[in-house]
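Have a look at the structure below, then the notes.
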Number of protein chains: 2
Amino acid sequence: MSTTAKPPRRTAFFLSDRTGITVEMLGHSLLSQFENAEFEEITLPYLDTREKALATVRQIDERAKLDDGRPLVFSTFVNPEIRFVLDSANALHLDCFSIFIAQIEAELGIHSSPTVGLSHRAQDSIGQHRRIEAIKYTLEHDDGISQRNWLRADIILVGVSRTGKTPTCLYLALQYGIYAANYPFIPEDFNRMALPAQLKNVRSRLFGFTIDPLRLHRMRKERRPNSEYASVKNCQHEVREAEILMRREGIPYLDATSKSIEELATALLHEAKLERKVY
Amino acid sequence: MSTTAKPPRRTAFFLSDRTGITVEMLGHSLLSQFENAEFEEITLPYLDTREKALATVRQIDERAKLDDGRPLVFSTFVNPEIRFVLDSANALHLDCFSIFIAQIEAELGIHSSPTVGLSHRAQDSIGQHRRIEAIKYTLEHDDGISQRNWLRADIILVGVSRTGKTPTCLYLALQYGIYAANYPFIPEDFNRMALPAQLKNVRSRLFGFTIDPLRLHRMRKERRPNSEYASVKNCQHEVREAEILMRREGIPYLDATSKSIEELATALLHEAKLERKVY
């Protein structure tokens, strides 16, 4: 194994007989461990017939001819026949299901029931329903626009505007069915250095985001250039006041600077000890 | 391998030194292939020190004593030292990274750069920015409330209310950074049997959802029981009119009945040929 002068460039295929969401995420994670290589990623879902599988083999073989090296193929096929067809492609084929399924079968002493795509299926209608209700709740309780039902919230995010509260709430609702509300601090909160009365009743569900003031300034500037709102001075002031307020009220908070939506959501689930149920 | 009378019950751990989102999704997918077994799923993210890893080993060993059989442990550890610690637990330990990383290294002829958690990291600030902007756009163009910027949309979902347009749009924005707007048909659209003028200019980006009228009735009834809106007769009428309108206007549509949010999003990406870029 040696480091070549030119970084390797390959095509990566993420293949599945269902949505391909799992294999796409896993394959992308794996490839992100190779910073010194470049990949063109192609997801092909619903490869559920022999004909589609054969067409995909041809597509992969074409790529193998055009690229420097043969493609990397990641797959999660539930149907072994489709998997076998893909094995004939000119590629490194890594099936991310079969290898583990065999070991789990041996461990449990039972056969798997290869029902295609159970994981992302509406069969789990309770989970689906819960997630849709959580999204509805989260949309209705975004940005403090409604204060109708704080008590129903699993968590209420607070912080100055543009710290990532809305995307994080939506992620929690969509992925985990969590009822996530949010409330952006306003100048009145700082003036009286106290929470609004309605929030005091749900203090145990409050969690705060803070952020580096200069980063906040850059983000706000993009939306509203040359505004007092986006000025460095105002951003520094708001962040400082928000942190004082959160400490005074005993609200746990974390620094959202340079964290992705997934990292913010995970940190919240973890630190606020919310149930992390996969649907 | 034999089928036992009593279904196996095990605890399943999803472990990671970062967010755990990838391993949680893959592990859950794998376990969903075992319909005849029951699993309690526990996700533990951020196991990034030897101390945390050792505490997790103790937690797993406790479970092994309490449960019928030893736990199943799925992991995506970037740090091999943490992985080795977990190998000492009384469990079937399936690391979902190492097995593939080795094969990719051999294929590419380079070593991986084990930077923890690159996949869900804000380092990819372009992707993060794109997703946040897409969420903002999608929220502003949900439910036809704004018609300010249809031209910016990558896709505009149409259909009667309660067919899953909003959750699907949010999923597309959050996961793939797609600018997804939606427009619910209103009685006026059916009366004149034509699209609103603003939508005619963006016809190539329109995609429709339809649904089984009885399913629609059940869902609407929950939100607004005993309403004309939720009545079987009205649901049948709206669905019929919407399908006629979509066919007349040449809008491709799919049946959203009993599809999950992920399935709807995937079908859309696929059929509308939208770029499916993983962030």
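Placement of Cβ uses the backbone N, Cα and C atoms for every residue, glycine included.
Going by TrEMBL, these are the annotated features:
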- B:Gly159, B:Val160, B:Ser161, B:Arg162, B:Thr163, B:Gly164, B:Lys165, B:Thr166: ADP binding site (BINDING)
Site with most surrounding Cβ atoms, counting all protein chains shown within 10 Å, from the binding-site residues B:Ser161, B:Thr163, B:Thr166: B:Thr163
Sorted by sequence, non-B:Gly159, B:Val160, B:Ser161, B:Arg162, B:Thr163, B:Gly164, B:Lys165, B:Thr166 residues with Cβ within 8 Å of centre, ADP: B:Leu157, B:Asn182, B:Pro184, B:Phe209, B:Ile211, B:Ala256
Near chain A - the binding-site residues B:Val160, B:Arg162, B:Lys165, B:Thr166, filtered by Cβ distance under 8 Å: B:Thr166
Cβ packing number for B:Val160 (ADP binding site), 10 Å threshold: 26
Close in space, distant in sequence - B:Lys165 (ADP binding site), Cβ under 8 Å, 6 or more apart: B:Asp143, B:Leu157, B:Val158, B:Gly159, B:Asn182, B:Pro184, B:Phe209
CB contacts for B:Gly159 (ADP binding site) [other CB atoms within 10 A, all chains]: 26
Residues that sit under 8 angstroms from B:Gly164 (ADP binding site) by C-beta distance, when 6+ apart in the chain: B:Phe209, B:Ile211, B:Ala256, B:Lys259, B:Ile261, B:Leu264
